[in-house]
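Only one structure is covered here, and it is reproduced in the block below.
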Amino acid sequence: MSLPDKAFPVSWDQFHRDARALAWRIAGMNRDWHAIVAITRGGLVPAAIVCRELGIRLIETVCIASYHDYTSQGDMQILKGVSETLLENGGEGVIVVDDLTDTGKTAAIVREMMPKAHFATVYAKPKGRPLIDTFVTEVSQDTWIYFPWDMGFTYQEPIAGDKRG
C-alpha cells in the first residue's frame, strides 16, 4: 500500500490551535447554539475543544463508517444516528463538527439528516468544501493529513528525498 506523496502532518499543539480557531470563527457569528454533533471518530477531539470554547454542554455523536484501505473510500454505513430531539427543525441551532471533509460523502449523509445545522471542520479538501459552512484550513485533494492520534514518533525522510549535499 502506498500513501499519497503529499503529506500534511499535524501535531497535537497545531490541531488544538486550529480547533480553537474554528471555535473563534463560529463564535464570531453571534448565534445561539444549543448542541454539537460530533461525526465520529475524527470529530470527537475538535468537538470537545469547540464545546469548551463556546460553552456548549449538549454533545451528541453520529457514527458513520467508511470501510477503506487508507487509499480509497468504501461504502458508507450509519452505525448510530442523531437523537430525535436534535433532528427537530432540521438541526437548527446545532453545530456538526468533524476533523476533515475529504470527498464530502460523510457530510452529505449528515446534512441530509440535519439540513439546517451548521457544518464545521478543521480542515477541508476541495471536493468536500461546498458542504461545509466553516473551516480553518484548506488542503489540496491529493494531500494526506496525518492526525496526531494516528501517529507515533518516527524518522521522516526529507521532502527532496535522499539528496546528499
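Cβ coordinates come from backbone N, Cα and C, glycine included.
Look at Swiss-Prot and you will find Arg41, Gly42, Asp98, Asp99, Leu100, Thr101, Asp102, Thr103, Gly104, Lys105, Thr106 tagged as 5-phospho-alpha-D-ribose 1-diphosphate binding site, backed by sequence analysis. Secondary structure from DSSP puts Asp102 (5-phospho-alpha-D-ribose 1-diphosphate binding site) in coil.
Positions annotated as Mg(2+) binding site by Swiss-Prot: Asp99.
Swiss-Prot lists Asp102, Thr103, Gly104, Lys105, Thr106, Trp144, Ile145 with the feature GMP binding site, giving sequence analysis as the kind of evidence. When Cβ atoms from all protein chains are considered, those within 10 Å of Lys105 (GMP binding site) total 16, not counting its own.
Residues or ranges marked as guanine binding site by Swiss-Prot on the basis of sequence analysis: Asp102, Ile145. Of all the Cβ atoms in the protein chains shown, 22 others lie within 10 Å of the Cβ of Asp102 (5-phospho-alpha-D-ribose 1-diphosphate binding site).
Positions annotated as xanthine binding site by Swiss-Prot, on the basis of sequence analysis: Asp102, Ile145. Packing around Ile145 (GMP binding site) is summarised by its Cβ count: 21 other Cβ atoms lie within 10 angstroms of its Cβ, all protein chains included. Secondary structure at Ile145 (GMP binding site), taken from DSSP and collapsed to helix, strand or coil, is strand.
Between Trp144 (GMP binding site) and Leu100 (5-phospho-alpha-D-ribose 1-diphosphate binding site), the C-alpha separation comes to 11 Å.
Of the residues the record lists as binding 5-phospho-alpha-D-ribose 1-diphosphate, namely Arg41, Gly42, Asp98, Asp99, Leu100, Thr101, Asp102, Thr103, Gly104, Lys105, Thr106, the two whose Cα atoms sit farthest apart are 16 Å from each other. Put simply, Asp98 (5-phospho-alpha-D-ribose 1-diphosphate binding site) is 13 Å from Lys105 (GMP binding site) when counted between their Cα atoms.
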